[in-house]
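K.L.:
Quick one: structure below, then a few questions.
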């Protein structure tokens, strides 16, 4: 049975202290399922937006940006993890630092842009619902939208060389604190604080939408925007006002709960490891797995309540 040092030099998520073959096979199958489902769903959303003019809205531009980022996780990174989990622990592929750096770069680039896209979508919807139409039109011109998308990728590319350990969770799975250097602890803290800040802004936007819709459902129903169909609640035909407010709140809160479930375990595991003691390796791996699984769920989060997406999908699928 391989020792701990062989695990620390291998895959950042799959290889835990529980190094039985059954565990590795199970996690490899899990990554394979997430890779296939996430790749198909992200490709489908991108294809529908580019194929149907009604779906070519500002909000969907940010959604497509997130789907493109999620593809680097689902289509490029997850299949490698699924295969590496089945290789012997002493495989030369696992020990190559260049290959590990490549996998970490794919993961970091995809997750950083994906999290930024979540925030861009939330802020876009917040401005649409809570501000005047003239403010929305001035802020979300085509060139401004392109700059926002470009900045999300520039930020991700800037973080990768400056903080090489930020998206390398393997450093967080060293067994005792004495094997964890100070830089990895501080990068984990920086990661936790960044995700916390992003989550606070996202919740502020969506809770602001809920308050505005509950207070003035009539205002939402008369807005003549194509983007209204991309909200996480139905816009037409409108149900009775009380039922509409209730459905709107539940849909938005459900989206927020799924996002929190995917991001917050890693945040608190990282904070626990910095201020107190490292969490068990299995808990660390589970927190990273939840964050990565969000890349496969994102297309469903933003399209499951959209009638326009459902019509487009029905016209494409047999």
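Any Cβ shown, glycine's included, is placed from N, Cα and C.
Curation plays no part in TrEMBL annotations; they are all automatic predictions.
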K.L.:
Between 144-167, 216-239, which stretch does TrEMBL give the note transmembrane segment?
P.N.:
144-167
K.L.:
Can at least 3 Cβ pairs under 8 A be found between the transmembrane segment (62-80) and the transmembrane segment (282-304), with each pair 6 or more apart in sequence?
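P.N.:
Contact between the transmembrane segment (282-304) and the transmembrane segment (62-80): present, because at least 3 Cβ pairs are under 8 Å.
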K.L.:
Checking distant contacts: for the transmembrane segment (250-276), what same-chain residues at least six beyond its ends satisfy Cβ-Cβ under 8 A?
P.N.:
115, 118, 172, 180, 185-186, 188-189, 191-192, 195-196, 199, 202-203, 206-207, 209-210, 232-233, 283-284, 286-288, 290-291, 293-294, 297, 301-302, 305
